[in-house]
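**Q** The structure is given below, and queries will be raised subsequently.
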Amino acid sequence: MAKYENLIPRFLKYVKINTRSNPNSGTIPSTPQLTEFAEGLVKDLKEIGLDNVHINKQCAYVYATLPANTDKQVKKIGFISHFDTADFNSENINPQFVENYDGKSVIKLDDSGKYTLDPAVFPNLKNYQGHTLITTDGSTLLGADDKSGVAEIMAAAEYLLAHPEIKHGEIEIGLGPDEEIGSGADHFDVKDFGADIAYTVDGGPLGQLEYETFNAADAQVEITGTNVHPAEAKGVMVNASQVAMDFHAALPEHDRPEHTEGREGFFHLYSMNGTVDSAHLSYIIRDHDRQIFEDRKKLFQGVADQLNKEYGSDRVQVTIKDQYYNMREVIEKDMTVVDLAKEALEELNIKPLIFPVRGGTDGSKISYLGLPTPNLFAGGENMHGRFEYVSEQTMEQATDVVIKIAELAEQQA
Ligand SMILES: [Zn+2]
């Protein structure tokens, strides 16, 4: 029998429910299905036997508490995951199983073989020799991001309840919606949650431990032209589309996603449209270094200022909004939360994989709300699309890590 009896069954039950979040919704959470899913989680968490199970007053996160079973003063540890899925078909998810994968075969996802998992394309498959893989049928995403995290946290809590000989402090669980549309963590209530340190269990492959993210801003550029008949345009026409191209050309040409890696930041033009009369450019600005991030925003505004000076009027309007910041700034002040996870991985003979994330996590926001929250692996690969898969064994190991962190924190208190 599997060590965590309900881990995979619960995961399968959850992925079959469509919880794709909606970026164009103004509601919290972004769809009625997410509310329904949250209510289902409340029921399941109560059934496991957890205390204080409730949906927070922002109507977003489901919280639950596993009471301490020790007299020691142990830091309260939170484990956080999200149950919405990315912007990809999530209707009728039909998980497929590959038992005892040989680490080299091409896996057919759909019957026709149009979509496959090929180690030549996805080399990480080679790491899964002997594993049971759960894949899609090629028509949807899987939703391991991040229902694997949800199922792992719940399995860990269930295991700890069944094994009182493992001593631990109070454990807080937080399962939330709308991570994929970037708004979920805005409705995280740190005070209600009650943890001293926390982890999102939302990373990828075995061993991932992330505590460094981008600093992130969204930047919109609105350009106003002067549209006259091309025949009589000399000295009069200002072509907004031309100004837009000039704007883009004035940004550092190598600071783009396709030319950068590691800790190199960028300006990413993700949408553009324009006529002679008006044009609009949409960017994201990213950098791990806070000072360089601030400089990037200044440079961006500076390009607009320079163009406005040349035209003698405010034709280029820039609106920059910060989205989230590098959690490292917060976490560095007290590395306990990272050290604890590292030790847990090492005790379980899992090699810690620590790299700066070229993105953000819910923890980027939650850390700035005062709760240091690095990100632990949950096991998923190829997230956000039809090639997503996860290994049952890796999910078990992620569950082991959650338990080990709770255990170590008690031993060290
Ligand atoms: Zn995720």
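A Cβ is built for glycine as well, from the same backbone N, Cα and C atoms used for every other residue.
According to TrEMBL, the protein carries these features:
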type: ACT_SITE; residues: Asp84; note: active site
type: ACT_SITE; residues: Glu179; note: active site, proton acceptor
type: BINDING; residues: His82, Asp145, Asp202; note: Zn(2+) 1 binding site
type: BINDING; residues: Asp145, Glu180, His384; note: Zn(2+) 2 binding site
type: DOMAIN; residues: 211-312; note: domain 'Peptidase M20 dimerisation'
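Describe the structural surroundings of these features, if you would.
**A** Applying an 8 A CB threshold to same-chain residues 6+ apart, the list for Asp84 (active site) reads Thr19, Arg20, Ser21, Pro29, Ser30, Leu34, Pro177, Asp178, Glu179, Glu180, Ile181, Gly184.
Classification of Glu179 (active site, proton acceptor) by DSSP places it in coil, neither helical nor stranded.
His82 (Zn(2+) 1 binding site) falls within a strand when secondary structure is assigned with DSSP. Note on His82 (Zn(2+) 1 binding site): other Cβ atoms within 10 Å of its Cβ, all shown chains, come to 28.
With a 10 A radius on its CB, Glu180 (Zn(2+) 2 binding site) counts 23 other CB atoms from all the protein chains.
With DSSP states grouped into helix (H, G, I), strand (E, B) and coil, the domain 'Peptidase M20 dimerisation' (211-312) comes out at 38 helix, 31 strand, 33 coil.
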**Q** Please list, in sequence order, the residues in the chain of His384 (Zn(2+) 2 binding site) that are at least six apart in sequence and whose C-beta is under 8 Å away from its C-beta.
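**A** Spatial neighbours, sequence-distant, of His384 (Zn(2+) 2 binding site): Ala86, Asp87, Phe88, Leu141, Asp145, Glu180.
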**Q** Return the members of Asp84, Asp145, Glu180, His384 (the recorded positions) with CB less than 6 angstroms from at least one atom of ligand 1, or none.
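**A** Cβ under 6 Å from ligand 1: Asp145.
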**Q** When DSSP states are folded down to helix, strand and coil, where does Asp202 (Zn(2+) 1 binding site) land?
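**A** The residue in question, Asp202 (Zn(2+) 1 binding site), is strand (DSSP, three-state).
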**Q** Enumerate same-chain residues with a sequence separation of six or more from Asp202 (Zn(2+) 1 binding site) and a Cβ-Cβ distance below 8 A; give 'none' if the list is empty.
**A** Ile80, Ser81, His82, Asp145, Asp146, Gly149, Glu179, Thr361, Asp362, Asn375, Leu376, Ala378
